[in-house]
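Listed in TrEMBL for this protein:
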type	residues	note
DOMAIN	A:8-410	domain 'PTS EIIC type-3'
TRANSMEM	A:32-53	transmembrane segment
TRANSMEM	A:73-94	transmembrane segment
TRANSMEM	A:101-120	transmembrane segment
TRANSMEM	A:132-154	transmembrane segment
TRANSMEM	A:175-195	transmembrane segment
TRANSMEM	A:215-238	transmembrane segment
TRANSMEM	A:283-304	transmembrane segment
TRANSMEM	A:341-359	transmembrane segment
TRANSMEM	A:371-391	transmembrane segment
TRANSMEM	A:397-414	transmembrane segment
Amino acid sequence: MNKFMEVLENVLMPIADKLNNNRYLTALRNGFMVALPLIIFGSIFVVIANLPFLDKVLSESALESYKNALDPASAATLSIMGLFVIIGIGYKMVEQRGGESIYGGVVAIGALLVLTPQVLDGTGGVIPTSAIGAQGMFLGIFSAFIAAELYQYFVNKKLTIKMPAGVPDAVSRSFSALIPIAFTLTIFLVIRIIFSYTPFDTVQNFIYTIIQEPLTVLGSGLPATIVAVLLIQIFWFFGLHGQIIINSVLDPIWFTLNDQNLAAYQAGEELPNIVTKQFIDTFIVGIGGSGMTLAVLIAIFVVAKSRQNRELGKLGIGSGIFNVNEPVIFGLPIIMNPMVVIPWLLAPVVVAIVTYFAMATGFAPRPAGVIVPWTTPALISGFLATGNNIMGSVMQLINMAIVFVIWVPFIKVIDKQYYESEKNAA
Amino acid sequence: MKRILLACSAGMSTSLLVSKMEESAKERGIDAEIWAVAQDKAPEDMKRADVLLIGPQMRFMKKKFSVTANEVGIPLDVIDPVSYGRIDGKAVLDKALELIGE
């Protein structure tokens, strides 16, 4: 068993290292971090605009104008989150290279806008919000990567305008970004022109059809979700932060699915997706952290007799409520512990399947596209993520019960060992 | 004054450890500044730290952080998982002091 663990660890460590330290994935993750405050701001106002009791106290027209008054908050942030993510990616890409990062941000968004048809239903002079929302996010991410790389490449090539001596430094610096940005955006313009001669017509259309659509369809399915959940658990089993590793690959897909639901939710239509960012964050992870360890802690409180486990329960519960679970993962311990490998891998998969079908059949509401901060305690997060629906909390409660039932026999066995050895030591 | 920097994914779980380490430092009369940051902020903060300790779940970052640590000339290591799980402030503080070399 030890040999086997060693081999697996040797396989997983380099993967974690590669994924976490990959330049593009790092910029992507940090780009999302840049956008997060705006995403949360928009989410808060979606929640306020859809408070559950309002339709009972307000007249229909009052409710309408109340919603209309609050709508810009999410329309200007959450619905066009791609804009902020892309600026963040461009900024972080150039920052990594030690360049002037703000130009990375503007060249990234500039490149996307060059590729964007600025016309909607025959009206010119508009930037469709879909281009900078979830639908445009994939193209935005790629164009941000390429634009920032090109910009930095031209900067490194010293393709800047040399000013004669005597010109103030500030003046020559104002020109230093000119040529790299001009070259970069010219390349994007050429790309746009080339695509206008293809059957796809626009780059948007090309990326959407060839990459985004297939990937989101794949990512919204149960099999891919189970694989993702299992991978998160396996990484954590080896004491590696599975969440941060897997998320950096899947966040673009999960956020896109999330935004599709948000658009439908705000239009009062049926929510298209079950698996979204919040499906993972709220119903699989957000019950005490990866592996839903809040339910494991409850199992410890209910059945554990050993001093070690009792201590662990006290130590872990405070942070566990806010979904920080390192004390449990390293304290029980879960890492490298063959005694817990079965419930650790099994429980989240069962929960994912149950939640998926509960939402598919309409028993539980689907995530409404609101982004809930990951430190939000369980039950509250379920309520918020489903658009203020108490059944979201009920679903989380059911998931907790599932995890609890799966874990109890294993906790009993572990606890018996600890208890015996404590008795013998005393 | 010992300046001890801890880093993990979001600086959440290491901040649990910070308060325990501060307690332990206070008990022993050690003058220490201890703080926790998210991984992407670590290289910046390393410039004003004497030592960097990495949460074991982020140990795959050690190689990358080593580069910056070498540049600014501070030691670094991964926190032992057992001490991390127990939020054992005393043990981790000992480790930090040992790395600083005093």
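Going from the start of the chain as shown, residues are counted 1 onward.
Heads up, the Cβ atoms here are built off N, Cα and C, so glycines get one too.
Residues 36, 39-40, 42-43, 46-47, 50-52, 78, 258, 265, 277-278, 281-283, 285-288, 294, 321-324, 363-365, 397, 400 of the same chain lie 6 or more positions beyond the ends of the transmembrane segment (A:371-391) yet place their CB under 8 Å from a CB of it.
Remote same-chain partners of the transmembrane segment (A:283-304), defined as residues 6 or more beyond its termini with a Cβ less than 8 Å from a stretch Cβ, comprise 229, 232-233, 236, 242-243, 310, 312-313, 316-317, 320-321, 323-325, 328-329, 332, 334, 344, 347-348, 351-352, 355, 372, 374, 376, 378, 381-382, 385, 395-396, 399-404, 407-408, 411-412, 415.
Along the domain 'PTS EIIC type-3' (A:8-410), the predicted structure has mean pLDDT 89.
The transmembrane segment (A:215-238) shares the most Cβ pairs under 8 Å with A:341-359, out of the stretches A:32-53, A:73-94, A:101-120, A:341-359, A:397-414.
Proximity of distant same-chain residues to the transmembrane segment (A:101-120), defined by a Cβ-Cβ separation under 8 Å and at least 6 residues beyond the stretch ends, is recorded for 83, 86-95, 126-128, 131-132, 136, 139-140, 143-144, 146-148, 150-152, 177, 180-181, 184-185, 188-189, 191-192, 202-204. For the transmembrane segment (A:397-414), the list of distant contacts is 283-284, 287, 292, 294-296, 298-300, 302-304, 309, 332, 339-340, 342-343, 346-348, 350-351, 354-355, 358, 378-379: same-chain residues at least six beyond its ends, Cβ to Cβ under 8 Å. Long-range contacts of the transmembrane segment (A:341-359) within its own chain (CB-CB distance under 8 A, at least 6 residues past either end) are made by residues 222, 225-226, 229-230, 232-234, 236-237, 274-275, 279, 283-284, 290-292, 295, 334, 365-366, 395, 398-399, 402-403, 406-407, 410.
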